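These notes are about the structure you will find just below.
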Amino acid sequence: MKVTNASLLALLLPAVSGRFVETGEPDRSILYPDGLPQPTETGEKYHIELSPGDTRWVTEDEKWELRRSGKRFFDITDHPDLGALRAMTASRKKSVFPEKPKYQKELKPFLAELSKTEMEDHLTTFTSFHTRYYKSDYGRQSSEWLLKQVRDTIEKAGADKHVRAEHFKHPWGQNSIIATIPGKTNATVVIGAHQDSINLWLPSVLAAPGADDDGSGTVTILEAFRVILQSEDIVKGNHENTLEFHWYSAEEGGLLGSQAIFSSYEKEGRDVKAMLQQDMTGFITRTLDAGKPESVGVIVDFVDPNLTQFIKVVIDEYCSIPYVETKCGYACSDHASASKAGYPSAFVIESAFEYSDNHIHSTEDLIKYLSFDHMLQHARMTLAFGYELAFTDFAALEKPDHSDSL
């Protein structure tokens with residue numbers, strides 16, 4: 001049976017005057033004191049890609065129906081040509097990465113500075129927004145709050161003369177955020193997470209705290225960003241490669257924010273050496289309930305195999321839990337936009353995909369289900385990944401006779 005937003009709203013009217021809060025969770029205030037917003041059904045169509053070459057036109061309601069059924073996709077309406085420049089290029093350099101980590105001594109004091117408290121404090125506020133749906137005013141407000149946290153982090157580190165953070169603007173209201181730590185070259189290493197959340201039943205009305213998806217990834221990379229700025233060499237730009245931390249808008253709508261960014265990078269000819277996505281980093285209950293050891297999930301489909309291998313050796317070196325290989329399908333998070341644009345990308349999630357958080361996209365995606373100890377493991381990996389690749393001499397690695405590369 002097809003269920004429209006209008007019929008759902010009628011069913012839920014008696015409930016929406018209540019509060020979508022749990023005991024012990026942050027107060028999200030009375031919902032819509034000026035009256036319940038009406039969902040709009042304009043009949044506008046969106047062009048989506050469910051797999052390479054498999055495209056169709058759908059309404060917004062149909063987008064959410066697909067998402068509720070577990071389907072992921074690119075919404076290519078605004079960026080139908082993402083990757084076209086790559087396709088026109090006759091040859092492309094093979095991605096190469098260090099065979100093993102080499103900055104253990106330098107990283108040791110910084111790894112000790114990673115803080116569960118910092119992540120929890122940020123996530124508590126971040127989930128207090130009624131929703132972070134990218135078309136909502138709450139989504140705009142949460143993005144502005146997040147940019148302030150990133151800028152405050154830069155200022156507290158005394159790095160504001162060298163490091164900058166800006167909105168990457170979008171027409172739907174919630175902007176993406178890019179923090180840039182310039183290196184000696186314009187070769188760039190990107191670390192990303194998505195800042196938006198969604199309730200797939202009535203995105204513009206129902207609460208979507210999004211603690212795990214992807215509040216957890218958002219604060220994980222923010223904590224890695226905070227600590228990496230404690231490195232004087234990093235702040236002063238003594239590292240080889242520029243580091244960027246991205247917080248994408250509108251991932252839930254079909255990777256919209258990341259597509260806009262990587263489409264821009266592709267057209268500008270930006271040299272992105274690696275992109276790592278952190279989407280959902282805090283839920284381990286189903287893994288443990290299944291009798292499996294706590295681990296991080298390394299995605300192995302639709303990713304760059306050489307970058308993924310490098311991430312495995314980073315986890316082995318810097319994390320105290322193992323990794324498991326797992327798959328998530330086509331267009332399952334923002335790394336897919338980087339990959340489509342021709343850049344080596346990878347994705348690490350909280351567990352094997354089949355044991356990932358089953359509370360997402362609902363009012364129940366709450367902090368109480370998350371493990372900050374587990375998120376700390378993701379932060380360790382993220383910090384080490386960023387630091388190791390910041391100092392990597394890619395020009396030397398890419399020489400045909402170089403032996404210290406994957």
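Quick reminder: no glycine exception, Cβ is built from N, Cα and C everywhere.
Because the structure is a prediction, the values reported are computed rather than measured.
As annotated by Swiss-Prot, signal peptide applies to 1-18.
ASN186 (N-linked glycosylation site): 12 other CB atoms within 10 A of its CB, across all protein chains. Per Swiss-Prot, N-linked glycosylation site is recorded for ASN186 (among others), and the stated evidence type is sequence analysis.
Residues near GLU252 (Zn(2+) 2 binding site) in space but far in sequence (CB under 8 A, at least 6 apart, same chain), listed by position: ARG67, TYR133, TYR134, HIS194, ASP196, SER197, ILE198, HIS361. Mapped onto three states, the DSSP output places GLU252 (Zn(2+) 2 binding site) in coil. Feature annotation from Swiss-Prot assigns Zn(2+) 2 binding site to ASP213, GLU252, HIS361.
Taken from Swiss-Prot, the feature N-linked glycosylation site applies to ASN306 (among others). The DSSP secondary structure for ASN306 (N-linked glycosylation site) is helix. Cβ neighbour count for ASN306 (N-linked glycosylation site): 17 (other Cβ atoms within 10 Å of its Cβ, all protein chains included).
According to its DSSP assignment, CYS332 (disulfide bond) is coil. Swiss-Prot lists CYS328-CYS332 with the feature disulfide bond, giving similarity to another entry as the kind of evidence.
All protein chains included, CYS332 (disulfide bond) registers 21 other Cβ atoms within 10 Å of its own Cβ. The recorded positions recorded for this entry are ASN186, ASP213, ASN306, and the Cα of ASP213 lies nearest to that of CYS332 (disulfide bond). Annotation note: HIS361 (Zn(2+) 2 binding site) sits in a coil segment as assigned by DSSP. Reported as a whole number, the C-alpha separation between CYS328 (disulfide bond) and ASN306 (N-linked glycosylation site) equals 18 Å. Excluding the listed site residues ASP213, GLU252, HIS361, the same chain places ARG67, ASP196, SER197, ILE198, LEU200, ALA208, GLY210, ASP214, GLU251, ILE360, ASP365 with Cβ atoms within 8 Å of the centre of the Zn(2+) 2 site Cβ atoms. In sequence order, SER197, ASP279, MET280, ASP357, ILE360, HIS361, ASP365 are the residues of the chain that are 6 or more apart from ASP213 (Zn(2+) 2 binding site) and have a CB within less than 8 Å of its CB. The 10 Å shell around the Cβ of HIS361 (Zn(2+) 2 binding site) contains 22 further Cβ atoms across the protein chains shown.
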